[in-house]
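S.K.: Look at Swiss-Prot and you will find 1-224 tagged as region 'Phosphatase'. Sequence annotations record features per position, and here Swiss-Prot assigns phosphate binding site to Thr123, Asn124. Under the heading active site, nucleophile, Swiss-Prot lists Asp333, citing experimental evidence as support. The phosphoserine annotation in Swiss-Prot covers Ser368. Swiss-Prot lists Tyr381 with the feature substrate binding site. Marked as active site, proton donor by Swiss-Prot on the basis of experimental evidence: Tyr465. The active site, proton acceptor feature in Swiss-Prot is assigned to His523; the stated evidence is experimental evidence.
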Amino acid sequence: MALRVAAFDLDGVLALPSIAGAFRRSEEALALPRDFLLGAYQTEFPEGPTEQLMKGKITFSQWVPLMDESYRKSSKACGANLPENFSISQIFSQAMAARSINRPMLQAAIALKKKGFTTCIVTNNWLDDGDKRDSLAQMMCELSQHFDFLIESCQVGMIKPEPQIYNFLLDTLKAKPNEVVFLDDFGSNLKPARDMGMVTILVHNTASALRELEKVTGTQFPEAPLPVPCNPNDVSHGYVTVKPGIRLHFVEMGSGPALCLCHGFPESWFSWRYQIPALAQAGFRVLAIDMKGYGDSSSPPEIEEYAMELLCKEMVTFLDKLGIPQAVFIGHDWAGVMVWNMALFYPERVRAVASLNTPFMPPDPDVSPMKVIRSIPVFNYQLYFQEPGVAEAELEKNMSRTFKSFFRASDETGFIAVHKATEIGGILVNTPEDPNLSKITTEEEIEFYIQQFKKTGFRGPLNWYRNTERNWKWSCKGLGRKILVPALMVTAEKDIVLRPEMSKNMEKWIPFLKRGHIEDCGHWTQIEKPTEVNQILIKWLQTEVQNPSVTSKI
């Protein structure tokens, strides 16, 4: 019978370095006999403090004094010199602080789940009421969203290597032993599983364990996997009414300083799918917004509803209704324009601002922006978008064709006619009726965009382009101002519309600007180079938001 269930231990498999390793290092550091700490910890079974802890009969704070006393008795019995101030809680605190998720192992579990495997964590764990309990909480919070089941000994009252917990695993997952592969870093925990008929893998080295897991499951794990994206069905959705009849939809994850992710055209909150979990795990309350006109947000037909002044006012109301005094704003494409304007017109509400691809360009009060657009060939598509109903008809006719034509990697054949849309009568005129799928998307992701745009059509999204003169007049009110909030500009080497050189004079208006640059990347930055985007954003956020300089920028 083929394998269809993958069960993973936590400590030493999904989390490294292991607590057992911490015991070993502490034995060496304290000049204690080998196995003095680890041996007593393990041989307290049965019915000792550790078994009671792992079965949830006592909590961590109750366990510590019992183990401290046990170690003191053991030290006298064997003549070991235990420090006077010794406490097992210190060793655990250090071990938990040092422990982090074993990313290659997690990615393997995710790959197996994508392939159709049921995945499960089976761990001897404890009820942590200690003062360092947040580290365990954070780890379990992140891991649990990627597995179908979580079996913790302290919650079910059974521990490895007792056979009962393996039977509980099979009953819970409705699986037969020969359908299960089980990974653990202790051979004693694997033996009962193997005796029952499960395939077992002893994890002493992640790389070799993964090679064995590939072999037994017939799955090739990617060498450089993408960040873990969020699933629309597994995230929290919210709505804020910003004025009568108009609401904004958002997806929320994490806790900490508020961070608003704002997408461009023709996209969705879903375009931030690779960033949402990573930023939440980095310590932020992430709110990925469906911009006005998109998805589950309201999509009024009137052009003036999409004027930049109104969009920014509604974003302030969005914060007000959620009780958020300040937020970090990160925008891409059209939303890049919006977040720069938020920093310019509502600096007191902007904790920091970042833009992907879209530079800050102050208006020229003497030159009409439409004249500028007409003078730049690559902006020709924006002229095509001006007449209501025309582009809508083209883009809505076959939305699979539309999104597969738009979402292309920088090294793939480009289809949309940004340079000559008005001349040839459309942006998709030379596009295949059934374009091949880009390597930066999946069929399921394209289908999600299609379903979102079936709700609203393209009228609202295109209206963002139809307020050029109105936006220009409003933005001229900010002439002479500088952006002094923490700011980041991320350029993409191969974006043919928002070219990196367009940002070269930004320091004149944003004197404390930080920069990031991504090579071999086109316009769809968040999905083409998600790892690089996440690294740049998190590094900047940690410096400018979580640990900001106290130096005044005024």
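Every residue gets a Cβ built from N, Cα and C, even glycine.
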S.K.: Given the recorded positions Thr123, Asn124, Ser368, and counting only Cβ atoms in the protein chains shown, which has the most within 10 Å of its Cβ?
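M.R.: Of Thr123, Asn124, Ser368, the one with the most crowded Cβ is Thr123.
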S.K.: Return the member of Thr123, Asn124, Tyr381, Tyr465, His523 nearest to Asp333 (active site, nucleophile) in space, with distance defined Cα to Cα and candidates limited to these recorded positions.
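M.R.: Nearest by Cα distance to Asp333 (active site, nucleophile): His523.
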S.K.: Including all protein chains shown, what's the count of other C-beta atoms within 10 A of the C-beta of the residue listed as 'active site, nucleophile'?
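M.R.: A 10 Å sphere around the Cβ of the residue listed as 'active site, nucleophile' contains 25 other Cβ atoms.
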S.K.: So of all those recorded positions, Ser368, Tyr381, Tyr465, which one's Cα sits nearest to His523 (active site, proton acceptor)?
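M.R.: Going through Ser368, Tyr381, Tyr465 one by one, the closest to His523 (active site, proton acceptor) is Tyr381.
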S.K.: Quick check: of the recorded positions listed here (Ser368, Tyr381, Tyr465), which one has the Cα closest to that of Thr123 (phosphate binding site)?
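M.R.: Looking at Cα distances from Thr123 (phosphate binding site), the smallest one goes to Tyr465.
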S.K.: Which residues in the same chain, at least 6 apart in sequence, have a Cβ under 8 Å from the Cβ of the residue listed as 'substrate binding site'?
M.R.: Ile416, Ala417, Val418, His419, Ala421, Ile427
S.K.: Indicate whether Tyr381 (substrate binding site) is helix, strand or coil by DSSP.
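M.R.: Tyr381 (substrate binding site) sits in a helix per DSSP.
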S.K.: Ten-angstrom check, please: count other Cβ atoms within 10 Å of the Cβ of Tyr465 (active site, proton donor), all chains counted.
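M.R.: So the number of other Cβ atoms within 10 Å of Tyr465 (active site, proton donor) is 19.
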